[in-house]
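Listed in TrEMBL for this protein:
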TRANSMEM  A:20-37  transmembrane segment
TRANSMEM  A:84-102  transmembrane segment
TRANSMEM  A:123-149  transmembrane segment
TRANSMEM  A:155-177  transmembrane segment
TRANSMEM  A:189-207  transmembrane segment
TRANSMEM  A:245-266  transmembrane segment
TRANSMEM  A:304-323  transmembrane segment
TRANSMEM  A:351-373  transmembrane segment
TRANSMEM  A:402-424  transmembrane segment
TRANSMEM  A:444-463  transmembrane segment
TRANSMEM  A:470-491  transmembrane segment
TRANSMEM  A:511-534  transmembrane segment
Amino acid sequence: MSSLTGTGRLARLALRRDRIRLGIWVLGTPLIGYALAESVAGLYPDEQTRVGYAETVIGSVVARAFNGPIASTDLGAVVVTETYLTLALLAALLSTFAVIRHTRQNEETGRAELLGAAPVGRYALLTAALVVVVGANVAAAALLALALVGSGLSVAGSVAAAAAIGGVGVAFTGLAAVAAQLSVTSRGANALAAVTVGVAFLLRAAGDVLGERAPGAIRLDSAWPTWLSPLGWGTQVRAFGAQRWWVLALPAALLVAGIAVAYLLAERRDVGAGLLAARRGPARAAAGLLSPAGLTWRLQRGALLGWAVAVAVLGLCMGVAGHEIDAMIAENPQAAEAIAQLGGGAELVDAYLAAMLGLFALTIGAYVVQALLRTRADESDGILEALLATAVSRTRWLGTQVLGAVLGALALVLLAGVTTGFGYGLVAGDPIGWTVELAGAAALRLPALLVVAGVVTALFGALPRWSVALSWTVLIAFLLLGQLGAVLELPQAALNLSPYTHVPSVPAADVAVLPLVTLTGVAVALLALGLVTFGRRDTPR
Amino acid sequence: MSVISIDNLVKTFGGVRALDGLDLRVEPGEVHGFLGPNGAGKSTTIRILLGLLRRDSGQVRVLDGDPWRDAVALHRRLAYVPGDVNLWPNLSGGEAIDLFGALRGGLDEGRRDELLRRFELDPTKKCRTYSKGNRQKVAIVAAFASDVELYVLDEPTSGLDPLMEAVFQEEVRRLTGAGASVLLSSHVLAEVEALCDRVSIIREGRVVESGTLAELRHLARTTVTVETVRPLTGVAQLPGVHEVRTVDGRVRLEVEPAHLDTLLGHLVRFQVRALTSAPPTLEELFLRHYGDTVESSTSVGGGR
């Protein structure tokens, strides 16, 4: 028996288990690419508008940090700058989660032990996971290339751009293979890999912010930190400019290195063990833990802290970047129009800040969903059964979960307002005044987040088996309605389905009380529905 | 007044009748064994007793309360050990024990420490690193350190080693010695024989046999082995006699308790040289109720 015996069968098993996830990934990537390419082509139809766009990117620290560099004034280059980070982050995260699902999670649940007892080679599980994930990246990239060619971009550029994005996925496949060997839990491995993605993002952002205009061309040359980031490599291919195909060797090399290290680590450890040792805990519980609220805080605080750090860093960056807005209006009316569309209102700086707070509120919706879906995880794991067999009522337990998620969301949204306001105040003057104003404006987003909490709670109560899939679907629908609704010219009735549509766009617009009261009312009704249906149904169900 | 009384309980999941007119009584101070194979409805019954599932019809009283309506009040007076214990991976075992105890209304500190020592459980380890047996110990310690009237134990020892099994049995006796009642669902028949005052055997959502072990044995056939001077004839035709076999010159047979007397009257005519009679083991009782399921599943396996 070789150390790879059974790899083919295990790969087919992984494909079977993930056929829906992988299908969405492989088909969704070209669809998103095509849709974004079409909309960008509509926004920048001629050379003049594209030069304006390129000059804005080269001149704006914000654009460089969040979009990356631009390779030329070709339409394809604009498309890449606008879509690259979205698709690359998707590829990075999906690859990471898929590798860990099929390696460390299998070990954690004991499935690997069961498989290991069958005639299966030592490296078969890891190899099968890598084959499937690299295969998914290649397939998604191939379809993305076709989609870009289909939208009218040059063949060579489309292939290079798609390969660059596939390369990001491949690079993170290698990193995830190592992470899966280090941590004992799939949660830990996912966290480790997510931190790697975050660091890669920051390095690339730093490199692009420090980058310089290329002499004699409309192009931004990134600085050295970009080269340290697998996310940055894709931009350095310069798909629609002077192509550098050799850069694609970097992700391939990282994959090979990752596999080598992972095999080496797999060779040296036992099944189920990791290299990062499990820590011990206290023999007695602190008094603060001994209630449903204490338990909720204990289970949520780590995630909340991570969110808080990310929100604070982003808020400061967004705020500091606010002073560039005035410069942007002069150079690019389209960008100004786009911001006005997102934020609404007259003063462009206000519109920008309102748009940023709106984005924060949408993102923090993901925190609410994630925090509240713990209820379903507890029910599936049997933890809920043991809890409800104590003297804790259903209403108290679920109410505590909702309260925890809502308070967490309030803290995060306030933090977003405070850091954005403080950052803007630092460059524009009056940091305290701006901090207070934007904290207030941010707090007005809470009713929309309450509705998100209400939706998840109602789904958990009434449709528990569907609650996970439906909750995320609803949040993504809100996101798409908010971000693409106006671009796609959807009817107002459709836009009204999202609670975020109804939040007054403060500071760009005035505070309107009625929509806030209505949203809160809807949220309360949904929460009540969730509590009542949960109080009356079987558990586990 | 019974601690648990269930009459004609019905629970369906979709089209499947998981409980089909189940009756059960647990009296104060007794350890009641709840036996049946996987899927017979043991856990469903227990979840209804805990107010986790709603009954479709029938009467259920626990500690003279309604398990669904009075769930919170009842749960202060009972403790539960699930068969498949899942815990929070990032809490330590000690934290989980204290948490369950506090949520139930407090636990006896002295008992907690003593149980930890007796079950040899390290409370500083994170729950994710515990084996199945150790997770069960966490649930057992949390439950047994609570001073309550009723303990509901759903296959609590399936992951414990024989030494720990012995500790478990001693601790259950200590609970009943203090006046508590125990409902013990189990696959371990030796454990049931050692601990239980009364036993209910459940099959396809119904209790098919209930009583003390002595009563159940009385209903079941006794195995008799007899050696006679003259060749034994005519026993197979006697009423209530079954499974007559001759092994090494001795005759083995099974007889219903009501016909034991007739059999003995017949045997003495052949000059009995040796005679042994054995009451049925719990395993035989149990298998008698499931014999046809075992048989039918074997024939399915053999037909492949």
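Every residue, even glycine, has its Cβ placed from backbone N, Cα and C.
No curator has checked TrEMBL annotations; they are predicted automatically.
Worth saying up front: this structure is predicted, and the values here are computed from it rather than measured.
Using a cut-off of 8 Å between Cβ atoms, the transmembrane segment (A:245-266) and the transmembrane segment (A:155-177) share at least three residue pairs, counting only pairs 6 or more apart in sequence. Long-range contacts of the transmembrane segment (A:511-534) within the same chain, counting only residues at least 6 positions beyond its ends with a Cβ under 8 Å from a Cβ of the stretch, are 394-395, 398-399, 402, 444, 447-448, 450-451, 453-462, 499, 502-504. Each of A:20-37, A:123-149, A:155-177, A:304-323, A:351-373 was scored by its Cβ pairs under 8 Å to the transmembrane segment (A:189-207), and the highest score goes to A:155-177. Long-range neighbours of the transmembrane segment (A:84-102) within the same chain, counting only residues 6 or more positions beyond its ends whose Cβ lies under 8 Å from a Cβ of the stretch, are 14, 17-18, 21-22, 25, 29, 32-33, 36, 66-68, 125, 128-130, 132-133, 136-137, 140, 144, 161, 164-166, 168-173, 175-177, 179-180, 186, 189-190, 193-194, 196-197, 200-201, 230-231, 234-235. Against the transmembrane segment (A:20-37), stretch A:123-149 shows more Cβ pairs under 8 Å than any other of A:123-149, A:351-373, A:402-424, A:444-463.
Across A:304-323, A:351-373, A:444-463, stretch A:304-323 shows the highest tally of CB pairs under 8 A with the transmembrane segment (A:402-424).
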